[in-house]
Each structure stands twice: as C-alpha cells, then as structure tokens.
Amino acid sequence: VVNYAPFTLLPSAVPRALFEQAYAVQQDFNLLVDAISQNKEFLEKTLASTIKVDDFTARLFRIYMQVLEEGLAQTVFLGINRSDYMFDCGVDGTAALRQIEINTIAASFGGLTSRTADVHRLVLKVLGKTEEASRLLPNNPAKGLALGIAKAWELYGSQRAVVMFLVEDVQRNIFDQRCVEIELWNRNIRVVRKRFRDVFEQGSLDASRRLFMDGQEVAVVYYREGYVPQVYDQQNWEARLLLERSRAVKCPDIATQLAGTKKVQQELSRPGTLEKLLPGHPEASARIRATFAGLYSLDEGEEGDRIAATAIADPDRFVLKPQREGGGNNLYGEELKEVLEKIKDSPERTSYILMDKIKPQPALNYLLRAHSPLQMSECISELGIFGVYVRQGRELVLNQAAGHLLRTKAIEHADGGVAAGVAVLDTPYLV
C-alpha cells in the first residue's frame with residue numbers, strides 16, 4: 001500500500017537567526033563526530049558504565065574493539081549525520097537554539113523533505129500569497145547526501161564497485177531512500193539494496209578484505225537499518241561484523257554509530273570535554289556548546305543519586321533518554337518518575353541520561369495524514385540540519401551542511417518522529 005508522507009498544510013515560522021546558527025555550527029559538529037570516532041580512549045571511558053547494563057551498546061562496542069584489534073581495512077570514512085534542535089522559549093520570550101540529539105546512523109528524510117518546499121510554495125500561491133511563496137528557501141538534502149556517498153565511492157577507487165543500501169525487510173520509508181539512490185544513478189554509480197540476511201547468505205571478503213555481494217565488489221555500505229536491537233539476531237550480528245571487517249566505506253562505521261549514543265552526548269556537555277576532543281578549535285567548541293541543553297549523568301555515585309532524586313521530585317523539568325535511535329523511546333512526566341523510582345538504586349539507571357525539557361512556543365497549523373481528520377492543532381517544530389563529511393586517512397576532504405529538515409507535531413505528543421507516526425514534514429518560513 002502506498003500512502004503519501006504526512007505534512008503540514010502551511011509552512012511554519014522559524015526565527016531566521018536560529019536557523020542560520022544551526023547551519024553555521026554543522027561543520028563543527030561534523031568535525032566533532034569524526035574526532036570522537038577516532039578517539040578509542042574517549043569512547044572506552046565514556047561508554048564503560050553503559051556497556052555493563054545495555055546489551056545492545058555492549059555488542060556494538062565488542063565489534064568495534066574486535067575490528068580495531070584486527071587492524072582497520074577501511075581507509076576512507078563517510079559521515080552522514082543530522083543534528084536536531086528545538087527553539088527553547090525563555091522566561092522573557094526570547095528563543096534559543098537547543099540541540100536535542102545528533103543522529104549518526106540512518107538519518108532519514110533527506111529525500112522527502114527535498115519535495116516539501118514545492119508543496120508549500122504551491123499552497124501559498126493557491127492562497128494568493130505569491131510574495132510569501134517566493135521567500136521559501138530551496139532545499140535538497142538528497143543531493144548533498146548523494147554527493148558525500150559519491151565522493152567516498154570515488155576515493156574507494158574501483159569504477160566497477162557498487163554502493164549498497166542496507167535496508168529493512170519491510171521498508172515503509174522507501175521513497176525517501178529512492179531520492180538519494182536516483183541522485184547516485186544520475187552520476188552513473190550503481191546502487192544495490194540488500195538486507196542483513198542477504199549479507200549473511202551472500203557476503204564474503206577476499207584476501208585484502210574487499211567486500212563482495214553476489215560476486216559484485218561493494219565500495220560503500222550506506223546503513224538505513226541497524227540502529228535498533230530488535231533487528232539483530234545471531235545471523236545479523238555476524239553480518240554486521242563481516243561488514244565492519246571489510247575495506248568498504250561504511251556509513252557509519254561502528255565507531256561513528258557509537259559516537260551518536262546519548263551517553264556520548266551527555267559526556268560532551270561536561271566542561272573541558274569539547275576542548276580536549278577538538279584541540280586547536282576553540283571557536284568551534286564555543287559554537288557547539290552554545291547549542292547544548294542541560295544534560296546530566298545517572299552514573300552510580302553521589303552525583304547520579306542527586307540528579308535522580310531531583311528528577312523524581314520534579315519530573316516535568318526533564319526528559320529521560322535511553323541509548324536508542326529512531327524516535328518514540330524517551331520518557332516524560334509521570335512515566336519518567338515511575339521508571340526512575342524503579343531503577344534509582346540499580347546499575348540499570350546508567351543506561352539512561354537525563355536532559356532538561358525544552359519548552360518551545362506552540363503555533364497553529366493543520367497536519368495532513370492519510371486516513372486522519374483534518375483539524376487545526378497547536379504544534380511545535382524540530383529543525384534538523386544534515387551534515388556530510390568524507391575523510392581519507394587523516395585528511396578531511398569534504399565537510400559541509402547538506403540541507404535541512406523541519407518536522408512538526410501536535411503538542412499533545414511528547415516524543416516521536418515522522419517514522420514513529422507522530423511528526424509530519426514541514427518547511428521553515430524564516431521570520
């Protein structure tokens with residue numbers, strides 16, 4: 001069954017200064033993610049408590065260590081990430097840009113959002129708002145993402161090799177991926193779509209650890225799958241290890257996936273951490289830090305005890321986040337309180353982080369969803385900026401922002417993205 005992707009009837013107002021700030025800091029975030037992925041000591045130390053209690057993160061970490069011990073075959077590294085923000089409304093009414101998270105694996109909707117501005121341009125014209133329609137920005141992340149994949153493919157250095165999209169069994173978000181895929185075909189780069197199961201059954205490495213699928217050499221593996229524990233059975237873990245051991249450019253490699261964990265995000269907010277990871281880039285560290293919301297560790301010990309007690313006493317101030325991607329995992333309010341009360345004296349609490357709850361200013365819009373009644377809703381929006389970088393050896397050969405994504409949801413939904421069935425696609429109207 002084909003359904004249209006959900007979207008807002010009208011574009012949503014976004015403060016121009018905050019929009020420009022989010023774009024300006026994206027190259028800094030690309031640098032940071034890349035630096036973390038190369039820093040074994042930092043990842044080991046930061047994730048030490050998490051991997052004791054979170055089996056999924058622990059298994060990823062074991063593969064990471066195994067591949068490092070064996071020696072990396074991969075020499076070209078490709079990062080496609082999306083840094084997500086909300087606009088926090090202060091007591092005096094001024095809005096500030098606050099990062100929610102950074103997605104380093106399967107950051108989606110770069111394709112579909114490339115089409116959203118055209119829809120809103122048309123709607124505004126139908127409403128007689130031609131001047132407003134002309135002010136909507138062009139936006140094509142699919143092209144930017146494909147540029148990164150194409151650069152990695154080129155540096156891999158085999159004209160005959162293919163790009164492999166690693167996808168789920170049932171792919172609800174196929175058209176979003178197709179937009180990126182078509183951009184690659186337009187550059188005469190062959191694309192194949194495979195699942196973990198196919199990798200297990202058909203994948204092999206030759207003596208120099210080049211990856212072959214069905215006899216075809218694979219230059220780039222672009223993960224649109226592999227970020228939730230449910231997809232991994234023993235076969236799929238073995239397939240993941242095979243991919244990680246290969247020379248193919250993984251997007252992301254396992255170190256970069258670990259760099260995107262919530263625990264890493266919380267650790268970055270500690271004083272001095274950014275400066276250690278980005279020596280010689282004090283301005284970048286300052287720009288990144290300016291976007292952070294309050295983040296708190298629930299590690300065992302006095303600090304963690306105090307933070308847990310504070311959150312139980314005032315749960316509406318915070319969000320409780322597990323080490324998971326894909327939306328729909330965070331806990332709020334009473335639910336947050338119940339979970340924390342249950343795990344406050346157990347090591348299990350170290351698998352979560354706590355974050356200040358951001359309070360955006362709601363606005364009215366209509367959310368268009370298949371089979372849903374059309375009604376005006378009070379809504380809040382989340383802005384994502386896509387970032388792409390390519391590194392060969394130690395040299396960064398590409399580092400850029402690749403476009404944006406605005407998602408909007410009704411205020412009664414605390415958590416969840418478009419794929420989780422809560423948010424809808426939107427276009428920023430800069431004010």
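Positions of Cβ are set from backbone N, Cα and C atoms, glycine also.
As recorded in TrEMBL:
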BINDING   Arg82, 105-108, 171-173, Gln177, 224-227, Arg407, 418-419  substrate binding site
BINDING   Glu101, Asn103, Glu325  Mg(2+) binding site
BINDING   Glu101, Lys262, 321-330, Tyr332, 355-358, Glu382, Lys409, Asp415  ATP binding site
DOMAIN    161-259  domain 'Glutathione synthase substrate-binding'
Euclidean distance between Cα atoms of Glu325 (Mg(2+) binding site) and Glu225 (substrate binding site), Å: 11
Shortest C-alpha distance to Ser108 (substrate binding site) - which of the binding-site residues Glu101, Pro322, Glu325, Tyr332, Lys357: Glu325
Subset of binding-site residues (Glu101, Glu325, Tyr332, Lys357, Lys409) lying within 10 A of Tyr227 (substrate binding site), CA to CA, in sequence order: Glu325
Binding-site residues near Ala106 (substrate binding site) (Cα-Cα within 10 Å), from Pro322, Glu325, Lys357, Lys409: Glu325
Binding-site residues clustered about Arg82 (substrate binding site) [Cα within 10 Å; pool: Pro322, Glu325, Lys357, Lys409]: none
Within the domain 'Glutathione synthase substrate-binding' (161-259), residues counted as helix, strand or coil by DSSP: 41 helix, 26 strand, 32 coil
Per-region confidence, the domain 'Glutathione synthase substrate-binding' (161-259) (mean pLDDT, whole number): 97
For Asn103 (Mg(2+) binding site): intrachain residues, at least 6 apart, with Cβ closer than 8 Å: Asn81, Arg82, Ser83, Asp84, Gly260, Glu325, Gly384
Cα separation, Glu101 (Mg(2+) binding site) to Pro322 (ATP binding site) (Å, whole number): 12
